[in-house]
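Asker: Quick one: the structure is below, questions incoming.
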Amino acid sequence: GKEGYPADSKGCKVTCFFTGVGYCDKECKLKKASSGYCAWPACYCYGLPDSASVWDSATNKCGKK
């Protein structure tokens with residue numbers, strides 16, 4: 001698998017700015033990752049499936065129309 005910042009449907013990082021402990025681990029596991037943590041202010045996942053969308057500065061479309 002791969003690791004990285006999981007991207008939501010808009011291509012944005014999953015924020016953990018105001019979330020509780022364990023939020024990112026749960027979010028990452030929902031995306032079939034093995035684990036995750038809050039790399040403040042965004043979630044970071046380990047063991048993501050290769051098909052998972054991760055945030056990439058080169059292909060960043062967050063906030064763009």
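Quick reminder: no glycine exception, Cβ is built from N, Cα and C everywhere.
Annotation source Swiss-Prot lists disulfide bond at CYS12-CYS62, CYS16-CYS38, CYS24-CYS43, CYS28-CYS45, citing sequence analysis. The domain 'LCN-type CS-alpha/beta' annotation in Swiss-Prot covers 2-63, and the record cites sequence analysis as its basis. According to Swiss-Prot, the feature cysteine amide maps to CYS62.
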Asker: I'd like to know the mean pLDDT over the domain 'LCN-type CS-alpha/beta' (2-63).
Answerer: 96
Asker: So if I measure Cβ to Cβ from CYS45 (disulfide bond) and keep only same-chain residues at least 6 apart in sequence, which ones fall under 8 Å?
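Answerer: Result: GLU3, GLY4, TYR5, PRO6, CYS24, GLU27, CYS28, LYS31, ALA33, SER35, GLY36, ALA52, VAL54.
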Asker: Round to a whole number and give the Cα-to-Cα distance in Å for the pair CYS38 (disulfide bond) and CYS12 (disulfide bond).
Answerer: 15
Asker: Give me the CA-CA distance between CYS12 (disulfide bond) and CYS43 (disulfide bond), in Å, as a whole number.
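Answerer: Answer for this pair: 11 Å between alpha carbons.
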Asker: May I ask which residues of the same chain, at least 6 positions away in sequence, place their Cβ under 8 angstroms from the Cβ of CYS62 (disulfide bond)?
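Answerer: Correct list: ALA7, LYS10, GLY11, CYS12, LYS13, TRP55.
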Asker: Taking the disulfide-bonded residues one at a time (CYS12, CYS43), which has its Cβ surrounded by the most other Cβ atoms within 10 Å?
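Answerer: It comes out as CYS43.
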Asker: Looking at the disulfide-bonded residues CYS16, CYS24, CYS28, which one has the fewest other Cβ atoms within 10 Å of its own Cβ?
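Answerer: Among the disulfide-bonded residues CYS16, CYS24, CYS28, the lowest count of other Cβ atoms within 10 Å belongs to CYS16.
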Asker: Cα of CYS43 (disulfide bond) to Cα of CYS16 (disulfide bond): how many Å, rounded?
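Answerer: Here the two Cα atoms lie 6 Å apart.
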